[in-house]
């Protein structure tokens, strides 16, 4: 049933995209066929009609307009009543959209008139305005709430940047990746230093990260292209539709989780009232430890609770996995011993590498698996994620793209080498995902064989689940990067509502994936000259501080009241606000697009 719901959601999103384009195209053709519309409709239907007289009197103006038209700007065909009716960067002079001659004509404190291009461009951050101050305050709060809910927050960053700071939706989507990087970076940092709330393992689920990180990044590269290709209003409307759907499934999950947790709390209170205090003391005397001693929040546990695992730690050091000191002390004075040490170290490294991809060769009991999973920083998984990230970033820099026509190694945009590097990049990311999926599937089989005790909210790694979630994550990564919401912003409700994972674990896991995906997108946008560095660094730092503050506060709140539904309710509330804001911002962009006389202006991905 969950798989069917996910496929329905995927099919619904794709169908909405196609239907919107078809309806808009047909509506435009009908208007032209019957001669309806305003002046810009008629001018669009008659492309050879002469431009307004005021633009024909000056030959230099005609040449300038032709240059802008070569960039896809139909300036001579646009009439206006205010600057909001014109293409971004142009001003309304004598009822016609044209280039600016002074900053005062831009009519926006966030814009300056560039003397070289005669266009209104966004000001640098050094000229700080009250709108910048309000933006920084909102970003602090939005990043905190979004990270608390386990989502990137880009779906709220984009409309705020469009409405307050005056950025284009396309540029705002690129800038939001820097903000998502900062906000998710705080969430990832908190997840890296905390423990699982109910098991002796890290809070971040690295099994999920290693598989879905590559698929999300695979979609992210496609999303960057879609961001350039589709018009701003369509991007915002699609974001509103997707966020509205996520809000629907999130609020349903929050209500269900709230009811379950309240029922569990009532049962616990009933058991406590009927239990005898002396019996409780006897249980603690047996050497068991209270549930509050599990996880990072076990700040009030006694030292005796740690002694439960002391024998296990000693056993782990005697298994051969940590037997490096004795070998080194016996061979440090011998050349033959040093050579043997290097050979042994290489063999040990190779064994670990093979064991990482095929756990059947490394683990033979449930205790070995639990010892392996108890490590706060699993080196193999972290190196694997770093390899995925480095692979994507290096190929992206070598490939180039966007407004940069030539990459750092001389690859021309949309050339044969450019396309080849892009294909290699996507295939490589898919290979990373397939290898990690195979590894998790084998690990799951080993756990079943050795009698491993599963946590009820762990991801169950089966072949069918990998086959349907992996393509879904590619799609979600593409959509997230396209609309500037972060590559894994929709993975959170899928993992909570669709898979049934623990909200606290999903919060940390999604934050880690959001950080890596958004950071890679931000680098790609910066290489493509789409990301303003001054705003990116300043707002990204603000998002980091806001996220860290809110995540720490709400996690303490959840731990105190034992209500993880709080996190899901916060996520749903953020989604609702994002849907409303994006519809409003999209309506403004649509109005501007209509006034420009361009029904569905596609961007040029080849620069």
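One is the number of the first residue shown, and numbering goes on along the chain from there.
Backbone N, Cα and C define each Cβ position, glycine as well.
According to TrEMBL:
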TRANSMEM  6-24  transmembrane segment
TRANSMEM  133-162  transmembrane segment
TRANSMEM  174-193  transmembrane segment
TRANSMEM  205-226  transmembrane segment
TRANSMEM  232-251  transmembrane segment
TRANSMEM  379-398  transmembrane segment
TRANSMEM  418-438  transmembrane segment
TRANSMEM  466-484  transmembrane segment
TRANSMEM  504-523  transmembrane segment
TRANSMEM  535-554  transmembrane segment
TRANSMEM  566-588  transmembrane segment
Contact call for the transmembrane segment (535-554) and the transmembrane segment (379-398): at least 3 Cβ pairs under 8 Å, seq gap 6+: no
Chain residues in Cβ proximity to the transmembrane segment (466-484) (below 8 Å; excluding those fewer than six residues from its ends, i.e. six or more beyond): 3, 6-7, 10, 13, 152, 154-155, 157-158, 172-177, 211-212, 215-224, 226-227, 230, 235-236, 238-239, 242, 433, 437, 440-441, 490-491, 494, 499, 517, 521
Result, the transmembrane segment (232-251) in contact with the transmembrane segment (566-588) (3+ CB pairs under 8 Å): yes
Proximity verdict for the transmembrane segment (504-523) and the transmembrane segment (205-226), three or more C-beta pairs under 8 Å: yes
Selected stretch (most C-beta pairs under 8 A with the transmembrane segment (205-226)) from 174-193, 232-251, 379-398, 418-438: 418-438
